[in-house]
Amino acid sequence: MLLTCGCAKGCMLASSSSVLRRQHFLVRSLCLGGGGNRKGLNDIRSMACDSEAENVLRAIAPPLDQSKYKGQAGKVAIVGGCREYTGAPYFAAISALKIGADLSHVFCTKDAAPVIKSYSPELIVHPVLEESYNIKDEEKERISGKVLAEIDKWLERFDCLVVGPGLGRDPFLLGCVGQIMSHARQRNVPIVVDGDGLFLITDNPDLVSGYQLAVLTPNINEYKRLVKKVLNCEVNDQDAHQELQLLAKQIGGVTIMRKGKSDLISDGDIVKSVSQYGSPRRCGGQGDILSGSVAVFVSWAHQHSSGAGVDSTSQMNPTVMGCMAGSILLRKAALLAFASKRRSTLTSDIIELLGRSLEEISPAC
């Protein structure tokens, strides 16, 4: 029995697979050269131009007008960044700004803060997190309380929290972040969990269980570990939609975006698929772009839902809408970057094209 993908035109998943094959063919043609390169790229761009994901993005993107003030388009915070990993939190935070968030904060370790600050003056960087190597055992409880108190002062200001980019796996740091997530949950702040945040969640699913404002964005390996922990089985790609739906339901209705050739998104009730072809160049950091993007779109989707009239998106879960919008935007930006840079495409190239891709889908004016 075929499952419908839930689009407004009632298209079937079987047909989307044929579209995906066509997209692969066109990208291969583009990569192989010849005079048809430009035509091939245009064909790819035009594919699924009226897709449900694009319609969702258009619906939730807030209009720009002179009456708006700073903060109304979104205040996002990234919890991540340690000695080894400073790029990931930067990618997530700057992507949020490039899409249209007004303010983007990074809560990181003291070692990471100067490096992240040096990347861009646009970010508000808080050097408040600590790692075990820097703390004596007898000081851990006091330091943990201090970290939590510092972040607590800010939590209610944020429209969404991103946990995990560049976080690392230091036990003390992860313990503090678990408490931060609990406090954010008490304040009904949406949380996007990625990277090492998923490592924390896999060991402690109760941190997000039953919290319907939580979004998990696992890649294939992170997803395998999550399925093994929660469902106690191996990943079954033959029943990917049903398995994802069951996993989301078992964790209490959180929204999960399983990243892959097609991004599959489920909140336990529905399953959506975004199959727009992106870039065959899989440079590190694209997941960080996605987490920052989803954070912005989730905050916009909640604003849209709270004041929406009756339209095709009015009954959809805002976290699902945010994931769909983030997925389609990243894929389009990655495709544009690859068309220009090919094998040398980097995450920074994709970030620079987020604004153009957003404008093509949903013009600001």
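For all residues, glycine too, the Cβ spot is worked out from N, Cα and C.
As recorded in TrEMBL:
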type    : residues                                                               : note
DOMAIN  : 53-361                                                                 : domain 'YjeF C-terminal'
BINDING : GLY166, ASN219, ILE220, ASN221, GLU222, TYR223, LYS224, ARG225, ASP288 : (6S)-NADPHX binding site
BINDING : 259-263, 278-287                                                       : ATP binding site
* Roughly how many Å separate the Cα of LYS224 ((6S)-NADPHX binding site) from that of LYS259 (ATP binding site), to the nearest whole number? -> 12
* To do: Within the domain 'YjeF C-terminal' (53-361) only, compute the mean pLDDT.
  => 95
* Where GLY287 (ATP binding site) and GLY166 ((6S)-NADPHX binding site) are concerned, what is their Cα separation in Å, rounded? -> 11
* To do: Provide, as an integer number of angstrom, the distance between the C-alpha atoms of ASP263 (ATP binding site) and ILE220 ((6S)-NADPHX binding site).
  => 11
* To do: For ASP288 ((6S)-NADPHX binding site), identify the closest of the binding-site residues LYS259, SER279, ARG281, judging by Cα separation.
  => LYS259
* Could you give the Cα-Cα distance between CYS283 (ATP binding site) and GLU222 ((6S)-NADPHX binding site), in whole Å? -> 17
* From the Cα of GLY166 ((6S)-NADPHX binding site) across to the Cα of GLY285 (ATP binding site), what is the distance in angstrom? -> 10
* Cα-nearest neighbour of ARG281 (ATP binding site) within the listed binding-site residues, GLY166, ILE220, GLU222 -> ILE220
* Go through GLY166, GLY285, GLY287, the listed binding-site residues, and name the one with the sparsest Cβ surroundings, counting other Cβ atoms within 10 Å. => GLY285
